[in-house]
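Reviewing the structure listed below.
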Amino acid sequence: MLKWFIISCCLLTAISYSTYYLFTSNSWIKTVKTHTYSRFYQLIKENTKTQLDRLQEEAKLSGKSLIPPFINFDREYAIAPKYNISICRIKKSMSTLMSGVACVLYDTGKFMRNNRSILEVWSHRFCGEKNEYRRMNEVKWRMGDAHHTFKKIVVIRDPIARFISFFSNKCIFEAQKYPDRKQCYNCQGNVTCFLEKQYERFVQHSSDYSRIRPSYEDKHAAPLSWNCEFGKFLKDYKIIKLAVDPKDRKNGLANLMNVLKESNVPNSTLRFIEKSALEGETMHATYDSDAHDVVKKEIENDKKIREWLKRIYYLDFVIFDFDTTFINS
């Protein structure tokens with residue numbers, strides 16, 4: 001009897017110790033947390049995919065198919081390893097400004113000594129290709145030991161505002177300046193003509209068997225979700241919504257400053273970036289031009305144009321949580 005009592009006590013002690021170790025082990029807790037967070041984000045991803053699939057199916061049934069999201073189409077990264085930051089630049093989404101921000105963070109002293117601007121023309125940008133990469137894998141390699149923890153930042157803007165800026169700059173200003181290029185499919189400033197042709201090109205690009213080369217127009221007009229390898233890394237990004245007009249830029253810029261501050265960017269550098277961004281504008285800014293106002297008014301007054309824009313950009317509104325009131329009007 002005594003023998004069985006001693007054996008039972010030993011077993012209970014062993015079980016108690018094992019249970020205590022299991023629930024207090026940091027590695028075990030870390031594994032559970034990782035699994036829980038991973039599953040949480042997976043559920044969000046699955047729910048979002050279901051919603052996007054449903055919207056696409058409804059549009060298809062109505063004969064107005066939407067351009068699908070998350071095509072791995074265009075990628076431009078500028079990095080600042082000192083602060084473990086990578087900035088993805090999206091064309092016509094303050095890409096010139098963000099290129100300048102990445103550059104001043106890359107080598108602040110040299111940037112300041114040379115009296116450079118974060119808004120300088122793209123072709124004369126100070127850092128050039130010194131801190132620029134085309135693939136996230138290249139960025140991870142360059143980040144070295146920080147490749148698991150570096151911060152991914154991207155600036156986006158309302159898809160319709162972005163389109164108006166693109167069309168005013170590329171399909172009116174540049175098309176008139178360089179007529180021999182027959183830019184924007186030679187539509188001569190006709191918004192409907194351009195959207196019809198661009199929609200068909202995006203349909204081809206989204207095909208698994210597409211062999212057409214991305215054009216200048218494709219890259220500038222592509223849906224937001226086709227950039228930055230969002231299909232793989234969307235949940236990892238710090239997403240900043242930033243308006244182009246300096247009067248409306250303050251809130252988004254404050255968010256950007258907070259994100260940079262989290263990465264220990266000095267206050268003096270933050271003040272320089274904020275002051276430059278609020279007081280200046282890039283060479284390609286169109287928000288206060290006559291062409292911008294004409295295109296904006298045309299979109300507001302023409303339901304057919306809004307329908308084409310919806311077919312191309314509607315899922316951007318959903319994915320990045322922009323107000324859909326206007327696009328649905």
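Every residue gets a Cβ built from N, Cα and C, even glycine.
What Swiss-Prot annotates here:
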TRANSMEM  4-23  transmembrane segment
TOPO_DOM  24-329  topological domain 'Lumenal'
BINDING   91-97, 157-165  3'-phosphoadenylyl sulfate binding site
Helix, strand or coil at Leu97 (3'-phosphoadenylyl sulfate binding site) [DSSP, three-state]:
helix
Mind checking which of Leu97, Ile160, Ile164 has the fewest other CB atoms within 10 A of its CB? They're the binding-site residues.
Ile160
For Lys91, Arg162, listed as binding-site residues, tell me which one has the smallest number of other Cβ atoms within 10 Å.
Lys91
Once the chains shown are all counted, how many other Cβ atoms turn up within 10 Å of the Cβ of Ser95 (3'-phosphoadenylyl sulfate binding site)?
20
Cβ neighbours within the same chain of Asp158 (3'-phosphoadenylyl sulfate binding site) - under 8 Å, at least six residues apart:
Lys241, Phe322
How many other Cβ atoms sit within 10 Å of the Cβ of Ser93 (3'-phosphoadenylyl sulfate binding site)?
25
For Ile160 (3'-phosphoadenylyl sulfate binding site), which DSSP three-state class applies?
helix
Across the topological domain 'Lumenal' (24-329), what is the average pLDDT of the model, as a whole number?
88
